[in-house]
Amino acid sequence: MLEENYRNIIEFDDFMSTTGDSEKEALIGGACGFGGEVANPPYYGLVSAGNNNLFKSGKGCGSCYKVKCSQNAACSGYPITVTIADECPGACNSEAIHFDLSGKAMSYLAKPGQGNALLSAGRINIEYQRVPCYYNSTNIVFKIDPGSNPYYLAFVAEYINGDGEIGSMQLLPSNSKQPLFMKQVFGETWKADIPIGIKGPYSVRITSLESRKVVTAYNSIPANWLPGKYYISNVNF
């Protein structure tokens, strides 16, 4: 089980990290589709882009890592938890593991009053450890893609506890016993083609990527859903 793997990790692993030019630049949900909400609770701006070994062609979106630094004089040595929210392509893949931390995450690794000094360093040695995501009392939220219509429904699923990563999703119409198997579009955005006559409200069954746990968010997307709207479920892992 994934939780057992987490508990068996004793030491942090080494890797390199770099950050953007400013906090504002880094607080964008990017290739995972989270959007500007990464600046708000429960992410609080503590996010990171990852190279492909972390981003996993979008499958790594939503995964959580504990990171810390100690080799720079400005480092506090205390860990923080970040969520993978974007892809760091190109040169980031010259290393096996590479995080591009948000400016806020980078400054949180620093000693009090040393945030700017650490940000100005740009590239630092840090350590990491995969951990379960836990968003306190937050339930899974479905953000409907603006391009959705009655015959095509796509959405981002956010704030997923545990793995954080989605292995598969099914859309369960209220007027049919036949589930609609969703396909990953990019990042954390998944889609389903809606046959004629199929209507909501829709339940959503999510299987996590590594632990293969399953949760069903019953009737979370109403019959009168609208593109661009957010719908809060009553469940999480």
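Numbering starts at 1 and runs along the chain as it is shown here.
Yeah, the Cβs are placed from backbone N, Cα and C, and that goes for glycine too.
Model, not experiment: these values are computed from the prediction.
Feature annotations, courtesy of TrEMBL:
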DOMAIN    29-138  domain 'Expansin-like EG45'
DOMAIN    151-233  domain 'Expansin-like CBD'
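When the domain 'Expansin-like EG45' (29-138) is classified with DSSP, helix, strand and coil residues number 33 helix, 33 strand, 44 coil. Taking DSSP states H, G and I as helix and E and B as strand, the domain 'Expansin-like CBD' (151-233) has 0 helix, 45 strand, 38 coil.
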